[in-house]
Amino acid sequence: MNHTKVTEFLILGFPEFPELQLPFFFLFSLLYLMAVLGNLLVICIVCADQHLHVPMYFFLANLSVLDICSLTSIVPKMLTILLANDCNVSFAGCFLQMYCYTICVCIEFALLTAMSYDRYIAICNPLRYLIIMNKRACAVLAAASWVVGLLEPLPHHIVISQFPFCDSNVINHFFCEIAAVVKLSCSDTSIIQTMNYILGLFAVFIPYLLTLTSYVFIISTILKIRSSKGKSKAFSTCSSHLTVILMAYGTMIGLYIHPGAMDTADPNKLPIAMYIVTLPLLNPLIYSLRSRELKVALKKALTKTH
């Protein structure tokens, strides 16, 4: 059969809500701006305040940088679709966006795992905490998270980029999402299903097991503390991280990790959009509300500006 080779894709966005295009534009613009500014504020405060030059806030600053990258890979194009109906994206641009979003997800779970190890050492081995979690160890853990996250989805996307895309170029999503793009290929894509499970194993399931193991030891150690004040203080040091982990894994499982997630005809675009935009917004809020040190540093910074 003769086919027309696809050189660009057309991203539908949210055509099922024609009357809500402008309200969606203002909503996601506001959430995007708040999330970027919130994470930039965390980065600036952590860099400026010497008291925050500790492992937990070093990893938090990394997470904030990642959140800004994740948002910027998706939201600006989505906003142009909502406002100007600019739905076209080049073949290379689509795969770049798809790869950037995937590596951000992989790096996030790797960083959350490194942060859970930091909390494990802080609570289960507090006397040796500063020795074990020195600057070099933190730098290695952070660098490993970024490198692993960059490499994990690479084979996945190389294989997809070699698929022939014939005739249809309409992506039923608001960005170049893997399942929506693979669905347009006119060749056998069963290998991607296998690669999805492998990627999910290394990028999500193994970090989940490592994080779960850390928290089993953390909770066991906290329960052995005799005083209620000591238990409360120990738990407060990891409550922010635990909240972020529950949100990240909970929403990922709810939206993506279920039977037939890759074959869904009508993807849950609006819940996915809210997940992509609101999770990076909530991360700095959760840490700033629950962290006394970060609140003190923020107050100092606000006082200096006046």
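Quick reminder: no glycine exception, Cβ is built from N, Cα and C everywhere.
The model shown is predicted, which means the values in this text are computed figures rather than measured ones.
The annotation transmembrane segment is assigned in TrEMBL to 24-47 (among others).
The feature domain 'G-protein coupled receptors family 1 profile' is assigned by TrEMBL to 38-287.
Here TrEMBL flags 54-75 (among others) as transmembrane segment. Proximity of distant same-chain residues to the transmembrane segment (54-75), defined by a Cβ-Cβ separation under 8 Å and at least 6 residues beyond the stretch ends, is recorded for 28, 32, 35-36, 39-40, 42-43, 46-47, 97, 100-101, 104-105, 107-108, 111-112, 114-115, 118-119, 122, 133, 138, 141-142, 145-146, 174-175, 241, 276-277, 279-280, 283-284, 287, 293-294.
Here TrEMBL flags 95-117 (among others) as transmembrane segment.
As annotated by TrEMBL, transmembrane segment applies to 197-223 (among others).
Remote same-chain residues near the transmembrane segment (235-258) are listed as 56, 105, 108-109, 112, 115-116, 119, 122-123, 200, 204, 208, 211, 215, 218, 222, 268, 271-272, 275, 279, 282-283, 286-287, 290-291 (criterion: CB distance under 8 Å, separation of at least six residues from the stretch ends). What TrEMBL records for 235-258 (among others) is transmembrane segment.
Look at TrEMBL and you will find 270-289 (among others) tagged as transmembrane segment.
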Inset, instruction - With the transmembrane segment (270-289) as the reference, find which of 24-47, 95-117, 197-223 contributes the most Cβ pairs under 8 Å. - result: 24-47
Legend entry - Residues from the same chain, set at least six apart from the ends of the transmembrane segment (95-117), whose C-beta lies under 8 A from its own: 56, 59-60, 62-63, 66, 69-70, 73-74, 77, 89, 141-142, 144-146, 148-150, 152-154, 156-157, 160-161, 175-178, 181, 199, 203-204, 207-208, 210-211, 214-215, 241, 244-245, 248, 252
